[in-house]
Amino acid sequence: MSAIAGPAPNKGDLEKRIFELEAELELLRASGANGEDDLFRTMYESSNVGIARVALDFTILEANRAYCGMLGYSEEELIGKTLQEITAPESIPENIEKQKQLRDLKIDSFRMEKEFIRKDGSQAWGLLHASVIKNRQGEAQYFLGSVADITDRKKVEAELRESEFKYRTLFENMEQGVFYQKDTGEMFDANSRALELFGLTRDEFLGRTSMHPEWKVFDEEGNPLKPEDYPSRKTLSTGRAIRDQVVGVYNPRKKQMVWLSVSAIPQCGHDHELPCQVFVTLHDLTALRNMQRRLSQSHKLEAIGTLAGGIAHDFNNLLSVVLGNAELAVSDTPHDSPAAESLLEIQSAGMRARDVVRQLLEFAKPEGKRKQLVDFIGIVQESIRFLRATIPSTVDIQVKILINKAPVMADPSNLYQVMINLCTNAAHAMAGRGGVLGVNVARHESNGEDPDFFALAPGEYVRLSVSDTGIGMDAQTQNKIFDPYFTTRDVGEGAGMGLAVVHGILETHGGRIHVESEPEKGSTFTVVFPLASALPTAPALSGNGYEGGNERILLVDDEASVLRTVNMMLERLGYQVTPYNDALEALKAFKERPEDFDAIVTDMTMPGLTGVLLAEEAIAVKPGVPVVLCTGYSENIDEETAKDQGISAFIMKPVVRREMARVIRFALDGAGSSGRAVKSG
């Protein structure tokens, strides 16, 4: 049982009360010496502070009711017990040492918080004040101790410590960042996550205010945010909670933007209109925003691909007319005529335009395309032609190709991505200063122990090196350049996905990448792709380039100008042509008299009926009829899908007479019946 009823008093109150009681005891002892023993005994027994008289050998001589009640003993049970018997082991060394100092008169008194052992084995805490009583000769006679029961107070303190420990453990291990800010604006506490998100040490953060010049904070749109608009400052100035405000904070450790959802909660007493401090939580949105941005970029690329396909379809139709008519005009013009030279220039420019459109389509195709055998050197050369028009003229592009052939099994669009990303990064490293962008292609042989390319399998590879004379990178930056969204560019200049994409492409193609760089000395990125056994070869097409025939051909295209141009081409080759610019009408005519047609040449994309569906319907009516499919955009058709649909061959627009002649002759002569469709162009 406790010797003190009611709420646990604080330490100061207890010590004051003990001092008062000790003064009373001294008066009582004096009064007892004058014969007032009854009064002394009454006060001694009725005191709510435990009092005991202890011999110099530390045995208890007597104790009052409060002392006995605190420990659960009767006075008779306590008398004769030693202090060690009623003291918890943790308190014995300090207690006995100080009692010895009292006995030896080295000190007159002492105070300590002491843990007692009750009769039932439980523990109680007391605030002990002990002094030595001397005889007339000044010699130590016995000890007098007074004890206030502080068990309840110690229990509350232990609970507070436990609560503080739990809070601090939770505080330091939260996934959310948390910090506190005074009404003066100073930060006075923060957990580890908050420091990590801000990229600051505890010493750098504590004491910093919202007005600190090194803060770089941005709103959700990426615009600089004024200090007075920071969530914590708004809460301190208005007293209102701010919840889930999205801000970007530049992290100097990571050298990148960290996006946060910030909530600021005011904390104050009831008599305060404005908060005396603010509690701020930080939820990291960086990965989510980057994912959303990547998804948005993916949607944009998908839209660009769709747009590019539509443009290519229309543009290739126009080129078909330009190139087809130019070719027809050349054949009608004397070779020594000035007009012939102009027509040849038109043809040459048209063919270059065709290559540009095809390269654009290849680059815009969605990921996941089936790998195929491609010429790596051709990819590099086409990419360089594209890059020369986009990279500033202050950058000198120098290309060295030291290998004649470089067949690789790859997704062509992925190879374009690698080339474009590496070269644009190199150009960016020289922004504002100019320099040399070097592109070297060579053969590379690996024995499986190449120090520059980790775990590269033995074999032959094509090696592409892209170098620049730009700002270079330190070792710390090099360790992060392949992390998704890491970038050395300023906010708004790029998402930082380029090298991560390059690394991913190389991994899926069995390749590797190596980086060499020094600050102010430029960088060199070297990638390797496994070489394939041979370059792709088109199946042999019978006849010379202009071999024609007299077979009957059903020609279908919804573009009148293309229809007219191809019709003239085929008639010049000797074929009997029946043209239709309506696919449904053409199919109807074929179904009515299939024996009138030896082959079908059809466009792919037409209103009402696609070329593939037209081919299916026609083959169902006349199995084995050769079908040549013309398309300005081939995302949905390739050798496999063409073969599955029974199509003999397909030709990419813009159509030129040489290709048309060879493909139609190939289809009519039965090569298409081998089960393999041929692609031309």
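A Cβ is built for glycine as well, from the same backbone N, Cα and C atoms used for every other residue.
Per TrEMBL, the feature domain 'PAS' maps to 36-91, 163-245. Summarising the annotation, TrEMBL assigns domain 'PAC' to 110-162. Per TrEMBL, domain 'Histidine kinase' is recorded for 310-533. Here TrEMBL flags 552-668 as domain 'Response regulatory'. Among the features that TrEMBL reports, 4-aspartylphosphate is placed at Asp603.
Other Cβ atoms within 10 Å of the Cβ of Asp603 (4-aspartylphosphate) number 26 in total over all chains. For the domain 'Response regulatory' (552-668), the DSSP-based tally of helix, strand and coil residues reads 55 helix, 24 strand, 38 coil. Across the range of the domain 'PAC' (110-162), the DSSP-based residue counts are 12 helix, 30 strand, 11 coil.
Helix, strand and coil content of the domain 'PAS' (163-245), in residues and according to DSSP, is 33 helix, 17 strand, 33 coil.
Taking the domain 'Histidine kinase' (310-533) as a whole, pLDDT averages 82 in the prediction.
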